[in-house]
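As recorded in TrEMBL:
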- B:9-28: transmembrane segment (TRANSMEM)
- B:34-56: transmembrane segment (TRANSMEM)
- B:75-129: domain 'NADH:ubiquinone oxidoreductase chain 4 N-terminal' (DOMAIN)
- B:91-109: transmembrane segment (TRANSMEM)
- B:121-138: transmembrane segment (TRANSMEM)
- B:138-414: domain 'NADH:quinone oxidoreductase/Mrp antiporter transmembrane' (DOMAIN)
- B:144-162: transmembrane segment (TRANSMEM)
- B:174-194: transmembrane segment (TRANSMEM)
- B:254-278: transmembrane segment (TRANSMEM)
- B:284-305: transmembrane segment (TRANSMEM)
- B:312-332: transmembrane segment (TRANSMEM)
- B:338-360: transmembrane segment (TRANSMEM)
- B:381-404: transmembrane segment (TRANSMEM)
- B:487-506: transmembrane segment (TRANSMEM)
Amino acid sequence: MSVVAAETAEVVLSSGWFLENAFIIPIIPAVAFALIIFFGKRMPMKGSEFGIASMVGALVMSVGAGYQWIQRVNGAPEEAYIEPIIRTWTWWQNGGIPLGIGQHIDGLSIVILIVVAFISTLVQIYSTEYLHGDRRYTHFFASLTLFSAGMLNMVVAENMIQLILGWELMGLCSFMLIGHWWEDGANSRAALKAFFTTRTGDIGLLVGTSVLYFAANDWTQKTLGVSGFSIRGLSAWALSGEPSSTAITVGAVALFIAAIGKSGQFPLHTWLPDAMAGPTPVSSLLHSSTMVVAGVFLVARIFPVFYEGMNIYGSNVNFIIVIGAITIVIAAALAFVQTDIKKVLAYSTVSQLGYMMMGLGAGAWLPAVFHIFTHAFFKACLFLAAGSISHSASHHSFDMKKDMGGLRKFMPITFGTWIVSTLALAGVFPFSGFFSKDEIIDNVGYAGYTIFMWVGLLGAFMTAAYMTRATYLTFFGAPRGAAAGEHHDEHDAHGHDAHDDHDAHATHDAHAAHDAHGHDAHASHGPRESGPLITIPLIILATLAMGSGLLNAVPFGSEWENFKKWIEPRGQVVSVTGIDHSAGSHGESRVIQPEARVTAGYESDCGKKTPTDGVCYAPQLKHAKFKWSKAALSLAIVAAGIIISWFVSVQLYTRRNKVLVGLTQRNKLLGAGYAFLVNKYYLDVLYEKIIVRSIAYPISRGAYWINQNILDGIVNGAGTGSKTIAGWVYRNIDQRVVDGAVNKSGDAAQGAGSIVRPVQSGKVNQYGALLFGAAAIGALVLVIINT
Amino acid sequence: MEVLSDNNWVLTVGTFLPLVGVLIMLFIPKADEALAKAVAIITAAATLAVGIFTLVKFDYDKADQMQFVAEAEWISVIKSSYFIGLDGISLPLYFLSMVITLLVMIYSWNHVPSPGNAKAFFALMLILQTGMAGTFIARDLVLFFVFFELVLLPMYFMIGVWGGENRQYASLKFFLYTMFGSALMLVAFLALFFQTGAESFSIPYLIEEGINIPKNTQIWIFAGMFIGFAVKVPMFPFHTWLPDAHTQAPTQGSVILAAILLKLGTYGFVRIAIPILPEAAKEWAPWIGLLAVIGIIYGALGCLAQTDMKRLIAFSSVAHMGYVMLGISTLTEFGMNAAMFGMVAHGLITGMLFFIAGSVKERYHTLEIKRLSGLLVQVPKLGWILGFSAMASLGLPGLAGFWGEFPAILSAYQPAEGLPVGVFRTYMVIAAIGTVFAAAYLLWLYQRTAFGEPTAEFSSGHGHDHGHGHGDDDAHSDIHDVNKFEWIAWTPLLIAIVVFGVYPQLMFKVLDPAVGVTLKAFGG
């Protein structure tokens, strides 16, 4: 088992059981999913025990693998390329060539594994309380667990097909979880929209994978002995100087389109805010911290393909950075006009994903990945805090204007964790977001993309401002609506998050569903703090939101840059002579690189020049030097955002300042802008009312009309026509000329047919005889012509 | 020809055993339905047992070769012989036909459609089984043709007698349309026979000799076969018999039609048209590909326009067979493998969808999408199975449908040498867009039928409020969740969809070598 360790010239890289068997991590929740489906309802905790246990198991294994990976890195010479641990088994084959499934474990996969397993565990624990008594409690845990299996599988994926498997499984679970309360039409529409929109992006995934496979396969088979689906193969191929610029650009653009769909980038971001129709734990796990970073992960995973395909570092602008920058700003702008607290967070997520993409587009690989890491904690925390509010204080409403306000007094823990996470999100020193987001902005500027650096700073200002607005509306000012203990009709509440306690008799009774919405035991208590199963995950996440930035605290000096040391693939030329394609047992094959040659010095040519005696698996990345002067600027911008927004919020929402209130009604230009934002740039109108509607109705009906009237018309016409001809032939030729024999056989056939069906079968035989006759004549003609 | 195995009786027995069952059934009085059913099911089970034996005895290391070959003199006047054999391409379809027949029969135990007469119904299914199995093992064109046509009659009666309201039109259309195709196919077979010196109808012989036929003649002969097989597949624009046949056919008929009968056409392309006439295949391939991608989009649009659940599933077959044909038209190993996998996957998944449609119809007496809602509330298990099948049908990775769809799309990027690359790459993008359409019509169907609350008409709670116009509580008493026979019939399909989805190598291992042999003429 320990042979896999690749050697450098001097040192054997350490490995370990957890690293070698990391492929088991996704299998654990997959098995748990099956257990929940088949036995969940009979278990004392209705199946949630399987889910939680599997997530804890996955977390333990991920952390174990992480520990061993750190050992591996620490034991290696500085700047040496750290060989990932790759194992494959035959999954399918073509032309006798096996195509695999397996694992590709390196720093990137390990960090995402830990994040996913960790947040999944917390969210599942939180859900036991949040969805307590829900009628589909077991199904909920099944979907949540399957989601984790899909995501973890995508993260460990050895090749693109395996990655697609995980990618689509997440899409499926997202569909099931957004539509969890499918009795309500709005929820099922949101579920459909999410699946459908991401699926549209997935056209790119299918096309991109195909393009890259055929472009790379010959080279990868020859050089590395792996297929053109292999992540390692694609990475090395991209940097080999081999690919034609068309193929790799088309492949990279196509794959990035998939990332746009999955990671809610402009212009396919519209599904993400609607996805908030799902239960809050789902929003927290899938639609903020894990699943939606799948697109970012894809770009980071086969970064060399994008690096070469998009010419990162080599040009002033590229597709990724533009999409990322647009997304940052348009999503942040939308966050200002939301009244639903979850939608503010949703747009914030979209905006932050834009930061990650912009970072990757600028070659700031490490800050972008680090931002995935820190963002997961503070965004999950914010969502769970929002859930805590709706669960215990606002009577399942998420409307900040109607049902919240002044909650800081009632929910101190929720308030505290919210504030910590908000500061992290805004990028205030020394919270985690500062260390990741500021690095992205800094590195974008350092790589020469100055305009985009300013976009990043603008985004930081907006982030600080909309979060301050949301915080003010929720926790400050006077309590309103449900927060003030009022009752109002649930059905009018915008974006309510309803669930019921009528599990036992509601399961098969549709009508209980409406009545039961939200009328649960704690409805009339007024705002209060949530229970420990909710607050403990909040506290844990808030702690990480505060501290996780220290893992890569660039400002404190290079000895703090642990994340960089452990995670960033080092762009070194690796010798490929003497690759060992050893065949393991049970159809397993391994490609072992015996020697990872270390070039002297920090600078290598990977990504700049074609490697001559070896391959590169990663480009040499640039890193900005941290300067407090630059950080001071962005911190000042953030502070300005907070202060201005606070002042405006107080004036607008509490003091009812006459200049501000109703401004959008009085000023036409502002009103138009406001309407533009409220209507989400009319993108939904374009997609749903124009594109989808036209395909679903006029176009499909037109096609069907053609089908029924033209294509089928021809068929029916031919039928009627031949019937007429047959009748004529029968009357004029058959009766008069041939007469006897045919008639008799027809009668016989009719007699036989009449046993089952007297009317039609005679005709069939006549037609049949006619057709065969025609066929025989045709055959004869054909033979004569061609001889 | 070298005899590869001593067990060469298994194919003959496996194919004709159902007819023995029919003979026995002739002596059972019509009134004794239970006995007739039992005999039929036992026969089907015995046939499947032979099938399993075949599966066990099959030499998987030689999946590229014909096994269990048997050859005997048959109609020596026209130099046709009883020549049968089985390789990696035939095996999955041959076995699938046996499984489907048995499952359909089990399902039929308490689902004999009106007007009853279980004896005749079961007997027809057994005859059908012989025709289907025979088609997949025939190594002689005349034998192939006989089996191919043998399938027609039982299906005609199944639709025409046990079908829906418009059954006469549908069954006649089905029969005549297929017959029309068969006639042209027969012309092509005869032309092939004469062109190769009127020596033999044996497929291996024709593969040897077919290459010598002048290209122009090849193209004409291929045209005849093309129409014959394309009608059966069915490819756009020869598909219009399919929605009618499916909509009118009883559930059992629809399942068999979707699961096996459609594959006779695609199988014909893979087994006969392409290997015998490689030059013509190259000329035709771009056009087949074009019709395939039109079928993908057009079938999907057809689905979106439907108001009837069963008709929607029928149209989805047009789209799915489009992927299969796209794979075939690339003339590459990737494409063929995908097509073969796609055939089996489509058989399992669409067969399953038709089963569900039948069960919904039985419970609600309607398949109108508008009137159905909240299946998940009233019949949750059926609703979940519908969701599962819909997901499989739209090509979710991890389920069988994906492995027919994605490699087919992939293969279009690089078709066989000599085919227009740019054209096929366009097809690839269109086919990829088709996956979105598939998601659209299936999920939209699911959203409308399974989600939400049951319509007032069918919800027991409101029955007395709105129920004056229809059968009141009596109507609702039919609404029950999946029953025992349904579970027995469906579980194997559901398991197979997951197993082949998770571990596709099970099938690719068998298909891949045989596909390589089929494509020998293309240097694959």
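Note: Cβ is positioned from N, Cα and C throughout, glycine not excepted.
With a threshold of 8 Å between CB atoms, the same-chain residues lying at least 6 positions outside the transmembrane segment (B:284-305) that come near it are 219, 222-223, 226, 230, 235-237, 239, 243, 312, 315-326, 328-331, 412, 415-416, 419-420, 423-424, 427, 430-431, 433-434, 437-438, 440-441, 444-445.
If you look at the transmembrane segment (B:34-56), the same-chain residues 6 or more away from its ends with a CB under 8 A from one of its CBs are 7, 10-11, 13-14, 17-18, 20-22, 24-25, 28, 68, 86, 91, 94-95, 98-99, 101-102, 105-106, 108-109, 118-119, 122-123, 125-126, 129, 133.
Contact between the transmembrane segment (B:144-162) and the transmembrane segment (B:254-278) holds: at least three of their C-beta pairs are under 8 Å, each pair 6 or more apart in sequence. Long-range Cβ contacts of the transmembrane segment (B:91-109) within its own chain (Cβ-Cβ under 8 Å, at least 6 residues beyond either end) map to 14, 18, 37, 40-41, 44-45, 47-48, 51, 54-55, 58, 63, 118, 121-122, 125-126, 128-129, 132-133, 136-137, 251-252, 255-256, 259-260, 263, 267, 340, 343-344, 347-348, 351, 355, 358, 485-486, 488-490, 492-493, 507, 510-511. For the domain 'NADH:ubiquinone oxidoreductase chain 4 N-terminal' (B:75-129), the number of residues in each DSSP class (helix H, G, I; strand E, B; coil) is 34 helix, 8 strand, 13 coil. Contact between the transmembrane segment (B:254-278) and the transmembrane segment (B:381-404) is not supported, since fewer than 3 Cβ pairs fall under 8 Å when only residues 6 or more apart in sequence are counted.
Below 8 angstroms of C-beta separation, residues 316, 320, 323-324, 327, 338-339, 341-346, 348-350, 352-353, 356, 359-360, 363, 375, 435, 438-439, 442-443, 445-446, 449-450, 481-482, 490, 494, 496-498, 500-502, 504, 507-508 of the same chain, each at least six residues beyond the ends of the transmembrane segment (B:381-404), sit close to that stretch. Same-chain residues lying 6+ beyond the ends of the transmembrane segment (B:338-360) with a Cβ under 8 Å from its Cβ atoms: 89, 92-93, 96, 100, 107, 111, 246, 250-252, 254-256, 258-260, 262-263, 266-267, 270, 309-310, 313, 316-317, 320-321, 323-328, 367, 372, 375, 382, 385-386, 389-390, 392-393, 399-401, 403-408, 410-411, 449, 482, 486, 489-490, 493-494, 496-497, 500, 504, 507-508, 511, 515.
Cβ atoms under 8 Å from those of the transmembrane segment (B:312-332) belong to residues 233-236, 239, 242-243, 245-247, 254, 258, 262, 266, 269-270, 274, 281-282, 285-286, 288-289, 291-300, 302-303, 306, 338-339, 342-343, 346, 350, 353-354, 357, 369, 393, 401, 404-405, 407-409, 411-412, 414-416, 419, 424, 427, 431, 434, 437-438, 441-442, 445, 519, 522, 524 of the same chain, restricted to positions at least 6 beyond its ends.
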